[in-house]
Amino acid sequence: MSHYDVVVIGGGHAGCEAAAAASRIGAKTLLITHSISTIGEMSCNPAIGGIAKGTVVREVDALDGLMGKVIDKASIHSSILNRSKGPAVWGPRAQADRLIYKQTMQEIILNYPNLTVLEASVEDFTITQDNQKDSVKAVITSEQHTIYTSKLILTTGTFLQGTIHIGSYTTPAGRIGEQPSIGLAKTLEKYNFKLGRLRTGTPPRLDINSINFAVLQEQKGDIHPSPFSYISQSIDLPQISCYLTATNNKTHEVIKNNLHRAAASNLLKDIKAPRYCPSIEEKVRRFSDRNSHQVFLEPEGLNSDIIYPNGITTSSPLDVQYEMLKTIPGLEKVNIVRSGYSVEYNFIDPRELYHTLETKKISGLYFAGQINGTTGYEEAAGQGIIAGINAALSLSSNYEPFILKRSDAYIGVMIDDLVTLGTSEPYRLFTSRAEYRLRLRSDNADLRLTELGYKVSAVSSKRYCALKNKQHDIESLTNILKNIIITPTQLAAYDIPVSQDGVKRSIFDLLSHPNINIETVSKICDVIKKFSKAVVSQVEIEGKYAPYFIRQDADIQDFIEEENTHIPSNIEFSQIHGLSKEIQEKLAHIKPPSIGSARRIPGVTPAAITSILIYLRYHKNKKIS
């Protein structure tokens with residue numbers, strides 16, 4: 001008989017982070033996967049990061065997660081998206097050598113302390129009654145082996161009753177050539193979880209030797225690539241180029257003439273796909289006024305002959321894929337290595353979860369990744385690390401949930417959106433979803449989260465010490481710049497343009513001026529050069545945003561006050577005067593943990609919030625008296 005503190009099902013991006021996080025905290029953890037050879041597989045595009053997504057990778061890394069370190073080992077084309085805009089919307093992104101990424105992740109996972117990996121298929125899990133509540137008891141494999149555990153994390157990705165479509169061809173699969181998870185889907189139905197259906201897609205893979213690169217636009221990465229991980233010193237792999245081409249009217253004509261043959265137009269038309277990553281068929285249908293759509297040709301590795309054509313996800317038959325591709329410049333003689341396809345799969349209504357990602361129905365059961373209705377490697381990793389941390393922490397009798405607020409992290413924004421609002425389509429993060437994005441930047445994730453992770457043993461002492469040294473240097477440089485006061489006349493002598501208004505300013509204050517940067521003020525303060533690039537950059541960004549932080553920090557304080565006004569889990573909303581039946585039902589279903597969470601539920605009015613506050617204050621005063 002085998003027993004583990006935490007069992008994780010699925011070896012994708014959510015599963016790897018969940019298993020590693022639980023193990024770091026000290027839980028005896030088991031990761032179960034269909035195939036060890038697919039742990040860390042990049043199922044779709046060979047890239048990590050992007051706008052908002054790159055910040056999530058940094059947040060995962062700040063909590064000692066794996067994704068940032070692994071992509072730094074596999075990066076072959078790095079860039080900062082939105083570099084021309086402010087730091088709050090910078091998006092670190094890196095193309096990966098797909099094979100090196102997977103191999104690096106597998107090496108880490110297979111040698112992780114406290115973590116065992118088992119190659120098996122889980123068909124069912126059992127529950128027991130614990131203090132009048134259903135709790136996880138064990139998982140059962142397809143070979144009828146029983147593995148006992150009180151904490152189970154499901155990270156099934158697109159495998160939960162997954163079905164692949166290529167035109168009219170349909171086959172059960174979670175990924176091309178890999179069997180779906182049918183038994184677990186039936187188990188979730190048995191326990192009355194609210195299930196829905198979503199879909200996503202992937203483009204055909206192309207033979208690099210059949211592409212005419214001479215007619216394509218070369219796109220180089222950053223000359224000095226920036227690592228994702230705060231503990232990575234450099235990017236060591238050679239950096240290679242991507243190439244840009246585009247569809248045209250001939251391409252669109254082929255697609256229009258064959259829309260009736262695409263699975264997305266027929267079998268899948270009622271199943272929601274990612275809104276912000278539409279198929280090429282959907283692009284042509286929705287944006288009929290557009291004459292072309294960009295296609296980025298991305299190498300899948302340094303020694304790979306496969307090209308990933310980003311921008312032409314399709315569910316059309318193979319003959320249509322060929323006909324469409326051969327109208328695109330550079331692809332006139334292209335060979336397809338693997339067909340593009342669409343995959344549909346089950347997901348659960350994430351409003352059935354707490355902010356810890358534990359289910360409300362069954363104690364000890366957690367969901368993370370695409371099973372919660374999200375799309376993207378980064379979103380999955382962010383959920384995985386939170387589920388893993390909470391599953392491990394909850395083994396203790398004095399367990400305090402590890403919850404990241406909307407003001408703490410993009411991960412907090414995502415989870416709060418999911419468990420409060422739910423989703424009817426694949427959810428992805430954007431900077432626009434974060435109210436406090438001036439504070440939630442990709443450059444400061446370690447300053448925001450590493451100490452929080454260290455307090456719950458999710459972060460190593462080595463990383464924490466590095467953070468404290470960095471914080472000390474940031475504080476030192478900031479104080480130096482704040483204590484050097486200079487007049488406009490003195491600044492003019494250094495050719496630094498400011499208004500000649502006679503007002504004395506500190507060097508730190510000067511950084512908020514639009515035409516002044518840290519390099520400019522280095523003329524006055526040589527000591528800046530003694531600090532690391534990361535520290536100098538951090539101080540410069542803080543100086544740039546300083547005037548805007550005053551308002552945002554006040555908003556954050558108001559938000560935190562509402563988040564700290566807790567609503568008891570056993571509250572009877574039907575007993576609160578002034579709440580309509582509809583609002584009572586919504587609140588009873590979602591069970592918001594705080595006034596802040598209740599306020600974000602659609603349909604819950606300001607008057608309803610006031611009624612809840614009055615009720616809470618009355619009962620608090622009654623208890624005191």
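Think of each number as a place in line: the chain as shown, counted from 1.
Cβ atoms are placed via backbone N, Cα and C, with glycine included.
The record from Swiss-Prot ties Gly10, Gly11, Gly12, His13, Ala14, Gly15, Ser181, Gln370 to FAD, and of the options Val89, Val122, Val254 it ties Val122 to that site too. Maximum C-alpha to C-alpha distance over the listed FAD-binding residues Gly10, Gly11, Gly12, His13, Ala14, Gly15, Val122, Ser181, Gln370 is 18 Å. Applying an 8 A CB threshold to same-chain residues 6+ apart, the list for Glu281 (NAD(+) binding site) reads Ile255, Leu259, Ala262, Ala264, Ser265, Thr314, Ser315, Ser316. DSSP gives Gly10 (FAD binding site) a coil state; it is part of no helix or strand. Spatially, by CA atoms, the binding-site residues Ala273, Arg275, Lys283, Phe287 include one closest to Gln370 (FAD binding site), and that is Ala273. In this structure, the CA atom of Ala273 (NAD(+) binding site) is 20 Å away from the CA atom of Gly12 (FAD binding site). Counting neighbouring Cβ atoms within 10 Å of each of the binding-site residues (Ala14, Val122, Ala273, Cys277), the lowest count belongs to Cys277. Applying an 8 A CB threshold to same-chain residues 6+ apart, the list for Arg285 (NAD(+) binding site) reads Leu259.
The Cβ of Gly12 (FAD binding site) lies under 8 Å from the Cβ of Gly40, Glu41, Ser43, Thr155, Gly157, Gly369, Ala380, each of which sits 6+ residues away along the same chain.
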